[in-house]
Amino acid sequence: MDTKEGSPHVWPTSVEHQSNTAQVHFVPDGGSVAQIVYSDDQDRAQQQVVYTADASSFTSVDASEHTLVYIHPVDGSQTLFTDQPQVAYVQQDATTQQVTVLLPAAQSMNAANLAVLSGVSESAQTMSLDPVSQINRASLTVHDHRLPPMEGADSSTTINSLPSPNAHSDGKEDDDDDDDDDDDEEEEDDDGEDSDLDDWEAEPPRPFDPNDLWCEECNNAHPSVCPKHGALHPIPNRPVLTRARASLPLVLYIDRFLGGVYSKRRIPKRTQFGPLEGPLVKKTELKDSYIHLKVALNSPVDSEGAFQEDLWFELSEESLCNWMMFVRPAQNHLEQNLVAYQYGQHIYFTTIKNIEPKQELKVWYAASYAEFVNEKIHDITQEERKVLREQEKNWPCYECNRRFMSSEQLQQHLNSHDEKLDFISRTKPRGRTRTRRKFGPGRRPGRPPKFLRFDISSENREKIDLGTQDLLQFHNKGPHFEDCGHSTLNGLEQSELTLGTSTQGTPNQQQATQLLPPNEISTPVATTSILTAEDMRRAKRIRNAALQHLFIRKSFRPFKCLQCGKAFREKEKLDQHLRFHGRDGNYPLTCDICNKGFISTSSLENHMKFHLDQKTYSCIFCPESFDRLDLLKDHVVVHIIDGCFSCPTCKKRFTDFIQVKKHVRSFHSEKIYQCTECDKAFCRPDKLRLHMLRHSDRKDFLCSTCGKQFKRKDKLREHMQRMHNPEREAKKADRTGRAKAFKPRLASTDYESFMFKCRVCMMGFRRRGMLVNHLSKRHPEMKIDEVPELTLPIIKPNRDYYCQYCEKVYKSASKRKAHILKNHPGAELPPSIRKLRPAGPGEPDPMLSTHTQLTGTIATPPVCCPHCSKQYSSKTKMVQHIRKKHPEFSLLPISVQAPVLGTAPAVLTADGTSGETVVTTDLLTQAMTELSQTLTTEYRTPQGDFQRIQYIPVSQTTGGMQQPQHIQLQVVQVAQAQSPNQSQHSTVDMGQLHESQGYMQHAIQVQHIQVAEPTSGTQSTPQVGGQALSPSSQEAEEVNPSQLQTPASQAQANSAVQHAYLPSGWNSFRGYPSEIQMMALPQGQYVIAEAAVGTPVTPVSSGQVKAVTQTHYVISEGQGVLDMKKSSSLAEEATPNPDHMEQPASNSSQTTQYIITTTTNMNGSSEVHISKP
């Protein structure tokens, strides 16, 4: 096909489009890589483009800018491109550049077509490429895809070809000139809106320089931040305390601003600290700002005989010393509370006085050690001695302003003041007189008053009233005594010091006195001492002194700082605090904001951090704010209305500002603390911490009454008040004797639709546990054995729990959790299935995150609690229930008893011609049918397991005469038959009874059960009132299988047979009635072969004959007529054992066959037909 040169473009190429040029070169390396090379002025790196296996597209390798090259075959129906070899156009956005190459219908894509693609622009244009010389002409398969529509292309436009690629190499210089023109136009159109990344150019590799920052993406180093990839994301190291600060004892702390070591609590006298740690240097290397401590060496001469210089502790480096380097030296004896001395090779500090909390530790040399280091100890001046003496006397007397060293000394001194107030004469009237007296309030009859009443003169009455009013007015910092009538002042009752306690008495006392006879009225005898106003004032001073002594240490702070509002109890503390504000100007550095003084630059810098984020105290009632809390407290008084504060939002009233502030903060503040686990938010961080306990698994608070655990202490307190309230317990005890009248809430039709039913109340339940709870609450006298539904097995799902970090699989979530904690520490645990929330619309299934898979269901017998009616699927859960609900029985051995029905099985009869019908219960049929369908392989009977077969021959009478007969209950070991005449199948279980099976006979155990059976052939159908056929207490005999083939002299005929097939592992379900056992048979016919061996007839009584037979039944599915040859061949395979032969050889064996057919009626019940073939 010839190429038309000089054909115009399909789309006109504008100037602005010509600037964005690119060249696509094919790299002849196996025909798999193409390369797009941009012009130099575009400042773009080269991109390698790799096409896919079908050669239909190319994908860029570069991650920052993707380039996709699509190669499409042209539809053959479009004659537009028949004369053009190729058409290429570009579509470009911010991150993707798409180059589409169009091929004629008859042309295939090969390496020659990818040689050069030049002039590709944003607008589509045509390009003509002639085949290049045979360079990698390996043909690429191009699928016949339909050509995608191209914007701007008109179907009527004629596409002419461009110059051939052969001429491209010859005219390369012309192309370079065109590229230069395009670059010039691009620079003119540039409006300066390009980002820095567009102007970024790759730098040449730099040599190693420790000051350069390495960028792995650029594979180069930069002087600072990488201009293309930006700054790194640093994670700083965790700060570590120095050795000196980390070794500080817990009872001490270092002041951040002043330095020095202070006590957190009271440290008693004679407490030792140490030893001191630090480097040893010469004296000339010591610094003056620290105490100088010298170490006494064991020998002044070293091993070489040279004289050793004295060594001192250098205490200036925190990384080499311990906390004792921060203890500052004392300037005088008043400040000193530690002594330094050497003991052995170490230096210790010992307290010489009691150190109070927040008191600085200051040390000086001991007397002998000071002489060793050539220092003097601090002498005690008279002023210091006086101050020390006053400090030791912490018990002042406010009557005479004396101070004492102990409370005992103060009490003895107060007794001397009491002697001056000896104006009361005490009496001893106990048992001295027989006159009846009426005493004051608070004294019961028979007890004398503590003090006598006094007559107070009228001139002193007014003075006493004034003194009483002064007594009631105490300091505002002290407590308020409202009930002054019952107070005691230094042995004096207040009621006896007021006017109301005079001889006049109260109105009640006057009335009682008037009712007494005149000879029984006692009049108090006044002494010569009279309570004067001076005595009252003295008593007031004693009372005030005692009360002020009790509360002054905690509440009374008379010395207040005018700058910050902080108050102190002693003036010395205030003076020490004022020095922090720089009042004296002794500090070299002062804060410009608060004028607080500091001794070091680091202390001032730490202080300035508080001003950067200084707190402001805002009023909750108005927009005003304060920088100090005491100013806010003084301000909020203006918002008091009628003695109460009102909430500005809900208008709730409070008597205290603290209460209204807590109310506003809790209910009307912005909730900025968001819970990360749920959507709740809180206004305070402490409330969020309390809420986070809801999402944790820890329950640290245990109720001592019921054993319930809680995550929070307030929830435990609320539980105790609500559940264990004495009133509630009394009401609960009163309710136990009264039972509510039960009214059925369901109709009879709804009742029949439930799986679990209470037949007494005619009530249905959806789950087993609901029925168990109902029976234990409403019918505690009813036994579980009486409810057939509760004896059915429990069907629970079986899951596999996968470890998401390895290939381990576990059967329980707890074992998987233990595995992850042990082998994958720190890994996230999968969520619990019980705590999953249902997925919302559009959300993924939450079960996918649990890494579990349902593998089937497991039917397990229920495990009953021996102390209540609860049932569980495993013994472990039952034991947990006993420990929680029956702790008094938790230490006793637990015996698990599975429920067994005691109902006698129904007896099946046969008349010889027609089968007898047994109709099963609808509920039990449904339950056992579902059970048989959901059995897993774990509960299938293994080969060689023992099975259980029950049968009852029906007694038949002839002429009114009955003869008893011993029928055998045999436990037969069942295995697959190996006979070539029988088909081999797996062992049959309850879910596989519909399959054809063959059985072999093995060693059996024979147990004898006596029932009555007629001897005559008359066919009548009276049932034997028997009991459940279960292994009796008699000793079983071992019978060899060969005995079953021994000929017998008697044959049993016309007897109905009942059989049951249950795995021996289900011991708890033996003893089911026949309708439960028979209903598990699917629809079909089953043959029972009966082999009877006769025994000598033993006379039992008149008219009765006792015969012992050995009968064996083999269950097999078959036709209506049993093949006698197969039965005889089975009998010939066994060899008789003479040791076990109990019958003569002349007895002939006879086999009787029974056919069991199960059908289903229209009403859903099952019927069992037993007949002879």
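Just so you know, glycine gets a Cβ as well, placed from its N, Cα and C.
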Matching range for Swiss-Prot feature annotation, zinc finger, among 27-49, 395-417, 510-532: 395-417
Correct range for zinc finger (source Swiss-Prot, candidates 84-107, 108-131, 756-779, 1068-1091): 756-779
Zinc finger per Swiss-Prot - which of 60-82, 336-358, 589-611, 957-979: 589-611
Region pair the zinc finger (756-779) / the zinc finger (673-695), three or more CB pairs under 8 Å: no
Cβ-Cβ under 8 Å with the zinc finger (617-639): same-chain residues at least 6 beyond its ends: 564-565, 645-646, 648, 657, 660-661, 664
Remote residues contacting the zinc finger (645-668) - C-beta distance under 8 A, at least 6 residues beyond either end: 620-621, 633, 636, 639, 683-684, 687
